[in-house]
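Structure record follows, encoded as structure tokens.
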């Protein structure tokens, strides 16, 4: 629609409003009540109903698939807290759309709250009218979904002594949330005489009601803060009464706000029409409106069946209404790079600016030109495209991408799912021939996709052979655009939607595309082939929009030899961003015709591939005289890397494309890197590619703002690492680096001060120890010791120790009994008790050698008895409840200062302090008791002093403070067998392996923002470790058929195998950041080995180890747990010998082990400061970081960026 037409409509709308400026009546609300198929909120006070949405609502920068409707005049984006937390205490901690919020009540049977979702044309039309009237200067919007909530005759909550409530004051108002894909709007309607009270009780006083939009609490990097609150009223009660008398939409009593946009949001935007025309005539309801019946919803028949208008399929050509461009003029002219969260690429957007500061936004093969309203990029001669992206004329083009979605075949009730299926395409540009292949297509759907040659047809259009005076798609719009197509198969009316996001050209000069398929296709039997006749398709062009439609026939040759001719209708739209400052660029032909012939389709059932091939030409819709010149027919014989130049008549020449040499019949790639070694400049590496080259900065350098000059990476100085800080000595204080040149000094537990000067705290205050104990103060700590004649640990002392059931059982057999003074008779079983006097989970017969598992009462568990040669795996039944503080569990200790080893047994995590590199075995104690759990992996967060662990009895990942605190479950869902776990203490993320799901995941340390980063070619992943300063991840896979050790960047990219030969069961991995050594222990080869991952210089440390499981390193030592020895073993890797062994008092299998450092290891990465500038997950890489979205992200607010900074 042109601006003149649109201006006429605006004028007509304003003229129509002359007759509609009086206040909205109840009959003019959107339809509500039973006749509109509304649901009814349960009567009462502070009632809430969760409404799952058919389409999401955008609110501020969030996307919400459900909302919460509350009696108290508001809608929440998360489940609201009790009314006592926000009444009189606004704004709330949760997201709130307050239509008219107060302490309201519907328990008297008069007031009601109605709500529904509605996508009917009438409701959407009315919503669009309100929105477009409120924002007359913006492009018109057409909502696709609405939620209608109506509070009818609601009263304020009063005491129960008011009688029947007939004379109560009551309020009536309505909220409509209208949404489209990129925005949501709130339409509020306040009825004449519908606001009878403006305050409600709150505790001991009355408070004014609220209307507005609160984002609620916003989680920051370290803590949460109150988000923005856009209040539309004030504490003056007159502002509430004005809601029914004034407007921002041009209609009294109707208020419109834009409350959320995607992908970017700044603030709530109010309607812009606050003036009201003078009332001239009596208001008349819209035509066809039944005020008494609220007849705006579906019509019910007597049989309660809903009748909808009959569907009339759209026919004919898609109508394209040219929209004249009206440039937006920002206050600070510049080129804006827009991160499109749906397609995870940087999509350019032209804004005002000049070439002086935007030249690097153009392609390296383009020139920048200034215009009066801004700048544009133009490809140089020999290249074509939109200036932002240019490719060499004549050069073949490649396209790579992934296919996702769900497609039903025939009448099948179950869809075939596409999950990252590879799509590859190749186009010989100088003859218009394109080839497309999609892999991993199962036979259940492969034959039925054969008619859809248009899946790859867009690449044919993009690089079609151009007839004189016409341009293919890439010449006009470049390589960044969105294509949406709908295929309707006749006569069954099956529909398939194809959405393709073209993301531009990657570093390999390949066009990148993401394809999504949703819908149903008619079945083509297995073994049938499909033939598609030549067809033509008319493309209609306007600013930033291209449309086309066609009807296509195809012939199915069935296995029995018969044939069927079938038909489908095809409609598509292509949206893109063009540069509007160059007026000459708008002279594109409004219509062009794509002619497609030589169409070939085939499904390769053996390789599960579907292939398409076709020849494409773009030209006049009227056909015109057929061109005979070989350059326009494609029959010229030029090299595939050459462009055909037409001459007079049928004359032509072949010219090698830019970046190639030759006579045009044969072309050879030019190695620019060899011909000009300095082409990329200082500190840069040149990579030759067919027809071109690319420059990359050396390690330690990155591109300057010009995108060409490599400058040194300005890494921040860590004063804590350099030792230039002013904190107290490490025995009393800790230095914590906070980014830039900043750090924080903090006293260690047991000391007090500002971190620069710390003094010992005398913990021996009255009541610290038992009344029958003496307290001894020590540096940073204290000890308690029972007085002579008392027994206990100093926290609990008693004159005598109470024996447990196990101890009584044991001592009764060891004491002098009827068997005489020599004790028990030979061969008698004597139970063993643990340090708490409970039965050890595994009991053994001293003379027979048999072992078995017992329950907490000492009773044998059937089926667990093993002979002398092996032992059962018994689970600790946890005779004492957790938790971790010195009371009430005196044998569970917070860790004192220093470095420790943490290791897991089934049912507990223990620690061994390190003195230098030696294990202080006498000081080893449990840190955490977890009864009836089998703990596998252990990791330590040196920043928050947290231990993290995986356990498989009820698969979960949990954490607890080693300084004391209850265990907290972090992740409990979608886990099968979590084993290895590792922490990135800089990026504040954790990584783990799941040996049943065969994948590696990452998440924030609170368990949110989960993302699968590796989910292919894994069989039994177990150990995993991080190298945060260098952005690397390492893991082992003990697949018995093909064990291996692999690495990748922390975002899962650049995955590669480090070791695959001479491995057996690589259970444990350790990485020493000081020596850059990766070490592993192998229970199959019985070896311990190390290597530098960058050099691959593998060397053996020890042979003959028995059955290692977990492994960790500290300085010169490697420590590992051994299942055969039930021990922690220390190995001096310099001397290549075992140096010590520690066997816990509890003799069961030991699992994961890790080092709990006294201070965090040195090093930084880009994620350590401000989350690397990422909105969600920041995952380090060797040269920067990748910003990634969690797998459950709903698009809005999350921005992905590839590796680099």
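In case you wondered, yes, glycine gets a Cβ from its N, Cα and C as well.
Within the same chain, residues at least 6 positions away in sequence whose Cβ sits under 8 Å from that of residue 844 (disulfide bond) are 832, 850, 851, 852. Here TrEMBL flags 844-851 as disulfide bond.
Summarising the annotation, TrEMBL assigns domain 'NIDO' to 99-262.
Feature annotation from TrEMBL assigns domain 'Nidogen G2 beta-barrel' to 395-628. When averaged over the domain 'Nidogen G2 beta-barrel' (395-628), pLDDT in the model lands at 87.
DSSP states for the domain 'EGF-like' (627-668), grouped as helix (H, G, I), strand (E, B) and coil, give 4 helix, 15 strand, 23 coil. Summarising the annotation, TrEMBL assigns domain 'EGF-like' to 627-668 (among others).
Sorting each residue of the domain 'EGF-like' (669-711) by its DSSP state yields 4 helix, 18 strand, 21 coil. Annotation comment: TrEMBL describes 669-711 (among others) as domain 'EGF-like'.
For 716-759 (among others), the entry in TrEMBL reads domain 'EGF-like'. Distant neighbours of the domain 'EGF-like' (716-759): 779-782, 894, 897, 943, 963, 1158-1160, 1162-1164, 1168-1170; these residues of the same chain sit at least 6 beyond its ends, with a Cβ under 8 Å from one of its Cβ atoms.
What TrEMBL records for 760-798 (among others) is domain 'EGF-like'.
What TrEMBL lists as domain 'Thyroglobulin type-1' is 803-874.
What TrEMBL records for 945-987 (among others) is repeat 'LDL-receptor class B'. The list of residues near the repeat 'LDL-receptor class B' (945-987) in space but at least 6 beyond its ends in sequence, with Cβ under 8 angstroms from a Cβ of it, reads 749, 875, 882-886, 894-895, 902, 904, 909, 911, 927-928, 930, 932-939, 993-997, 1003, 1005-1007, 1010, 1021-1026, 1028-1029, 1033, 1035-1036, 1050, 1069, 1152, 1156, 1160, 1163-1165, 1167-1168, 1171-1172, 1178-1180, 1185.
The repeat 'LDL-receptor class B' annotation in TrEMBL covers 988-1030 (among others). Sequence-distant contacts of the repeat 'LDL-receptor class B' (988-1030) (same chain, six or more residues past either end, CB-CB distance under 8 Å): 937, 939, 941, 943-944, 946, 948, 950, 957, 959, 970-971, 974-982, 1036-1042, 1048, 1050-1052, 1055, 1066-1071, 1073, 1080, 1110-1111, 1162-1165, 1167, 1171, 1176-1180, 1182, 1188-1192.
According to TrEMBL, the repeat 'LDL-receptor class B' annotation covers 1031-1075 (among others). A Cβ distance under 8 Å defines the sequence-distant neighbours of the repeat 'LDL-receptor class B' (1031-1075), meaning residues of its chain 6+ beyond its ends; these are 980, 982, 984, 987, 989, 991, 993, 1000, 1002, 1013-1014, 1018-1025, 1081-1086, 1091, 1093, 1096, 1098, 1108-1113, 1115, 1118, 1120-1121, 1153, 1161-1163, 1165, 1179-1186, 1188, 1203.
Sequence annotations record features per position, and here TrEMBL assigns signal peptide to 1-23.
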Inset, instruction - Using DSSP, tally how many residues of the repeat 'LDL-receptor class B' (1031-1075) sit in helix, strand and coil. - result: 0 helix, 23 strand, 22 coil
Legend entry - Long-range Cβ neighbours of the domain 'EGF-like' (627-668) (under 8 Å; 6 or more residues past either end): 365, 382-383, 392-396, 428, 430-433, 465-468, 615, 617, 690-692
Inset, instruction - Please spell out the DSSP helix, strand and coil residue counts for the domain 'EGF-like' (760-798). - result: 0 helix, 17 strand, 22 coil
Legend entry - Cβ-Cβ neighbours of residue 851 (disulfide bond) (radius 10 Å): 18
Legend entry - Residues in the repeat 'LDL-receptor class B' (988-1030) grouped by DSSP into helix, strand and remaining coil: 3 helix, 23 strand, 17 coil
